[in-house]
Every structure is written in structure tokens, then in C-alpha cells.
Amino acid sequence: MEIQITTRDVQTLSCDALIVGAARAPQNGQEEKGIVLSTTAAAVDKLLDGLLQERAQAGEFQGNLGELLTIHPMGRLAAQRVIVVGTGAQAKLDAQAIRRASAIATRHVQNTGAKQVVLAQGWQIAGIDEALTAQAQVEGALLGAYRFRKYQKSDNNQKSIAQLLLLASEAKKDVYEQALHKGQVLVEATNFARDLINEPPNVLTPTELARRATTMAEQAGLAYEVFDEAKIKELGMGGLLGVTQGSAQPPQFIILRYQGDPQHSDKVLALVGKGITFDTGGISLKPPADMDEMKGDMGGAAAVIGAMQAIAALKPAINVTGLVPTCENMPSGTAFRPGDILRILNGKTIEIVNTDAEGRLILADALSYAEQQGFSPIIDLATLTGGIVVALGHTMTGLFCNDEQLTADIIAAGRTAGEKFWPMPLDDEYGDMIKSEIADIKQTGGRWASSVTAAKILEHFVGNAKWAHLDIAGTSYGDKKSYQEKGGTGVGVRTLTELALSLAQ
Ligand code: BES
Ligand code: ZN
Ligand code: ZN
């Protein structure tokens, strides 16, 4: 899909669909059906003699977030149709509302045959940053238009937008160009992560994940290294070796390096991603329902690899290293068992209770490695526990962190990126639940607070480093919604990139 800026006049700009925005007016009792129009929506309203406001007064459109009103201007504008998308209450209008509205409208026009689409949701009102609005429109459109159809006959693949134009004023053209570039980089990386998640697990093996990561690294100009099974054994990554034991696929440990600050140590920010390419549960086999979704158990790895791509393109002045332990969790005659004791890279032993709690084992090795190398802060992302889905659903990512400033930085980066994080506890009392009689720690703490005890296990492997653990089990894989299709969301890519940009300052 081609995407460009246009400064042409809205009346003569020909396209299949022109997307404008409208918010719900502040309700002071009087104007119940009132809407507030974005800059171009107001211009369109004028060209059509007040048709938009009239339809709103008639009750056809209220401006709720994601609500759509289709107008056919019948030649009075060059556009075949105008899509007015609601952005919700005006008082709550922000980049995220515009991003969401843009995704819904773009997805809708794509599904209804539009090839040439103009994005014109700009606002010129106090408190709304035009550059952020422009970026949010681009991000929303590209996120909303995303589809994963490479395994379908091309006949089914016709409905795709050929050209997106972002409407800008001549005066703000440069600002819009920059916003377009940033939004495009962020979403290309997010959609790359989504592709990795959506690939079937027979294709995306640990070896294939390493191949895709290193191909990306070569194109993006990142340094990389991949440890094979022999090297993983030599280093003593007993968690990764234990989990991979039942699989016919060899494990990999992927390292990606970005040097944005060559004058300083490269042992600064480390991003660690859980890369289980398929999680059957192993000997503690999962039930069949929805097991196919466990192809997404490498969502943390995908987020890290995607973020490294975006960071390489946006070039913040900071050194960032991506670390991805990857393998399959399979049941077989060679699989690890409940009762086994594994020794992690840093020497600590873990008593295995349930082979389905495999993510913490491979992360333990990766975190130990990062800590031994001297990285700080270390941020890991993992589809780690069903417990976090119970606690926070599919809306917010659980954030476990041993440093207040880092907690605040991640939440702020998430807000900029349009991703939500909620702080969860690491209180020491939870540590009692993972005490073992025969090993240094027990792998699981039972049913209650299972996402917290999982995080407490990870904490054993980060030493004194500043560390954050993002449990993305609820947010990394989504059902079909008006703004996305079922599958990987790429959560984490944009937040990690924004975090690297902010830490660089
Ligand atoms: N990959 C799963 C967690 C998961 C659940 C991810 C739902 C995405 C959606 C993880 O490996 C797992 O199975 N965790 C178990 C641990 C338990 C056995 C201690 C869980 O949380 O149920
Ligand atoms: Zn599992
Ligand atoms: Zn898992």
C-alpha cells in the first residue's frame, strides 16, 4: 500500500472514500444531539449545505467512538463517499481516540471496496497536537487495514486499499511528513510482529523465527548473533534445554544489537521476549479447546524483534539489545517431566511442578544472561500466565517492576503509543508460595495470584538490575473486533520503541 501526504483542495480531491471525524458535543443539558466537526468535516458540511449537522440533529449519528455515517455527495465533492467517524466525547478527544476511529473507518472502507482513501481527521483545537493527530491517523489506518491472508487463494485477497492519502495544509506539510514517517515505521514494525504471531506453528519454528529476525536485522542494519543448541548447552541454559527436550525442533537464542550511542557501554537497555513457537503444555498437556492460539506464545519475542526494527529505523541515541530464547513445548518420550529439577544459567535450581509453566524457565535463562552481561534496565515481555487474563482481561498488560521510575516511564511510553499497562505487585510475601523443599525454588505457586508468583520466579534471575516484566498473555492475541481481525496484536512494539526514544533523551 502506498501512503502519501496531499495538500489538495478537499472539494476536488477525487477518491473512493474521504474519512473525516466528528466528536460528541459537550452536553450542558441543551444540545443533546450535538456533534463537533473536525476541520475537514466542517468544510465538507459547508459544501453540502449543512448535511452532516442535519443528519446528526435527525438522530442518525451521535459521534460515539467508532460510529460511522456514510454520505454520498453525488458529485458535489469529487469523493465517491464521505465517511464521518465518531471519536467519542469531545472532552476525551486524544490521539488514542483518533487512532481507534481511524482504524475502524479504514477497516470499514477496505471491506467495502475502497481503493483510494483520504484520511482527513485533523483537528485545529486547543489541547490537540496536530502532529500527534496526524501520526495517530496513519497508525490507526495501517493497523486497521492489516490482514493476514498469505495462505488463501489470491481470489479472496482482492479487497485491499491501494493508496492512502493523508490530508495536510500547505503550512503544516513538514510536520505531517515527519508524523507520517514515524507512524509508518511504528506500524510496519507492529504488523511485522503480527505476521510472526499469525504464522502457523509448522512454519514458524524456532529456526524460522531466528531466520526472520536475522533477515530483518540485515535489512535494518542491526548486528545479530544466534546461539545454537551446542552453544546453549555450553552456556548452561538449563531452562531452555529442559523445555526444548521434548521437541524435534532445535532451540535458538537470538541476539539483536542496536548501537545508537557508540560512545557509551552497549550494556544498557535489554529487551527480552518469550519465544515459545508452540505451547502444548508438554507432559502437563493443555486441553484441546483453543490450543491453536498457542502459536501466539512467541508474542513477547515478536514484540522485541518488531521493536528492534522500529528502533533501528528511528535511531534514538541509546544502545538497545534484544534477547529471544525460543523453542517448542511438546510432549514426547524425551520431554521434561513434573518432578524434574533444572539448573538455570545463574546456577539456581527449579523444581518442576507443571511443564505448562515453561515460559518462566526459558526467561530465567535469558534474564540471567542479560544480568550477567550487566544490562540495566532489563525489560521482558511474555505471554506468561492465564492468571493475568483473569485479572486484566484483554485490555491492559500487567506490569511488574522493581523500580518506580521505570514503572512510570513504561506507563508514559504506553500512553504515547496507545497501549495500556497496569502495575501489579512483587511483594515479598508472595515469595513464600514458590519455596521448594528440594530445589532453590519451586516452579509454580498454585492457583492464586499465579501471574504474581510467575513474576516472583523471574525476579530470582535479575540480580540488582532494574527490571520490568510485562505479562502480555491477555493483550498479545485478540479476537475479531471492529478495528482488528483475530490474531496477533503486536502489543509492546510501539511502547518499547517509545520507551527507547524517551530513555535516549
Ligand atoms: N502460554 C501460557 C499462558 C497463556 C495463557 C498465554 C493464555 C496466552 C493465553 C503459559 O505457558 C501457561 O500455560 N501458563 C500456565 C501456568 C500454570 C500451569 C502455572 C497458566 O497460567 O495457566
Ligand atoms: Zn505453558
Ligand atoms: Zn506458554
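Any Cβ shown, glycine's included, is placed from N, Cα and C.
What TrEMBL says about a protein is an automatic prediction, not a curated fact.
Small disclaimer: the values here were computed from a predicted structure and weren't measured.
Record features (TrEMBL):
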- K274, D279, D297, E358: Mn(2+) 2 binding site (BINDING)
- D279, D356, E358: Mn(2+) 1 binding site (BINDING)
- K286: active site (ACT_SITE)
- 354-361: domain 'Cytosol aminopeptidase' (DOMAIN)
- R360: active site (ACT_SITE)
Filtered recorded positions, from K274, K286, R360, whose Cβ is under 6 Å from an atom of ligand 1: none
Length of the line joining the Cα atoms of K286 (active site) and D297 (Mn(2+) 2 binding site), in Å: 13
Environment of K274, D279, D297, E358, the listed Mn(2+) 2 site - residues of the same chain whose CB lies within 8 A of the CB centroid: G275, I276, M294, M298, N329, G359, I362, A382, T383
Entries of D279, K286, D356 (recorded positions) sitting next to ligand 2, with Cβ under 6 Å as the cut-off: D279, D356
Those recorded positions in K274, D279, K286, D297, D356, R360 whose CB falls under 6 A of ligand 3, listed in sequence order: D279, D297
Non-local residues, at least 6 beyond the ends, that sit with Cβ under 8 Å of the domain 'Cytosol aminopeptidase' (354-361): 239-240, 242-243, 274, 276, 279, 281-286, 297, 329, 331, 335-338, 342, 344, 382-384, 443-444, 454, 457-458
The one of D279, E358 whose CB sees the fewest other CB atoms within 10 Å, among these binding-site residues: D279
Cβ-based neighbourhood (8 Å from the centroid) of the Mn(2+) 1 site, residues D279, D356, E358 excluded: V243, I276, T280, G281, G282, S284, K286, M294, D297, N329, T355, A357, G359
Of K274, D279, D297, i.e. the binding-site residues, those within 10 Å of R360 (active site) when Cα atoms are compared: K274
C-beta crowding around D297 (Mn(2+) 2 binding site), within 10 angstroms: 27
Alpha-carbon distance [D356 (Mn(2+) 1 binding site); K274 (Mn(2+) 2 binding site)] in Å: 14
Which of K274, K286, R360, the listed recorded positions, has fewest other Cβ atoms within 10 Å: K286
PLDDT averaged over every residue in the domain 'Cytosol aminopeptidase' (354-361): 98
